[in-house]
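Per TrEMBL, the features are:
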type	residues	note
DOMAIN	3-183	domain 'Formyl transferase N-terminal'
BINDING	Gly13, Ser14, Asn15	N(1)-(5-phospho-beta-D-ribosyl)glycinamide binding site
BINDING	Asn103	(6R)-10-formyltetrahydrofolate binding site
ACT_SITE	His105	active site, proton donor
SITE	Asp146	site 'Raises pKa of active site His'
Amino acid sequence: MKKRIAIFASGSGSNAQKIMEHFKYSQEAEVSLVLTNNPDAYVLQRADNFEVPSHLFDRHDFFETDEVVELLQRMQIDLIVLAGFLWLVPENLLKAYPNKIINIHPALLPQYGGKGMYGDRVHKAVLANKEGESGITIHFVNERFDEGEIIYQARFKIEKGDTLEMIKFKGQQLEHQHFPKVVENLLKKIVPENS
Ligand code: GAR
């Protein structure tokens, strides 16, 4: 049986798209579900384009009920991938999927992480500190923002005169290049729920 991936995203979903592309013809794994807290998220359109089912939930569903956990279990999800998902993961979900939830962050953790550090805010802080490099981090998710064990990092140089848009672009290129492969490698170590 193929291993089953669920992707959580709150916005555009360009990383979700790369992961769906990567596994579209795979015999090993598939993206089985896309979940979002944002009814206007473009990731919903992307999921539709790949004929991947999607699920919308709100704060109450996510933090006060087991609805999302039960859906993931019913769908025999093996790995949860956060790709631009901005809410903290609640304890019921962490407990149900120990070491099976990963996140991508657009900087070199442990720097430039934590609550409120997402998207452009991260890149702005990196630029304000005149860093010579930045990068991406893929890490396991725990009960605190951006603090789980690091799985993979890749870095790029920040040249003099680089704008916010330029470093955002460099980071996004790295994310798209590496995230699907990191997911694939991790899946190799996971025993499927439906075995
Ligand atoms: C990505 O750059 C990801 O690293 C970032 O959100 C973006 C989502 O882009 N995540 C965070 O900042 C989490 N703290 P996408 O919707 O196009 O994949």
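Please read every residue number as a count from 1 along the shown chain.
Note: Cβ is positioned from N, Cα and C throughout, glycine not excepted.
Same-chain neighbours of the N(1)-(5-phospho-beta-D-ribosyl)glycinamide site beyond Gly13, Ser14, Asn15, judged by a C-beta within 8 angstroms of the site's C-beta center, are, in sequence order, Ala9, Gly11, Ser12, Ala16, Gln17, Lys18, Val43, Arg46, Ala83, Gly84. Highest local Cβ density among the binding-site residues Ser14, Asn103 belongs to Asn103, counted as other Cβ atoms within 10 Å over all protein chains shown.
Secondary structure at Gly13 (N(1)-(5-phospho-beta-D-ribosyl)glycinamide binding site), as computed by DSSP, is coil.
For the domain 'Formyl transferase N-terminal' (3-183), the mean pLDDT of the prediction comes to 97. Taking the Cβ of Gly13 (N(1)-(5-phospho-beta-D-ribosyl)glycinamide binding site) as centre and 10 Å as the limit, one finds 24 other Cβ atoms among all the protein chains shown. Applying an 8 A CB threshold to same-chain residues 6+ apart, the list for Asp146 (site 'Raises pKa of active site His') reads Asn103, His105, Leu109, Pro110, Gly113, Gly114, Met117, Thr137, His139. DSSP assigns Asp146 (site 'Raises pKa of active site His') to coil in the three-state reduction, outside any helix or strand. In sequence order, Ala9, Ala83, Gly84, Ile104, Glu175, His176, Phe179 constitute the residues six or more apart from Asn15 (N(1)-(5-phospho-beta-D-ribosyl)glycinamide binding site) in its chain with CB-CB distances below 8 Å.
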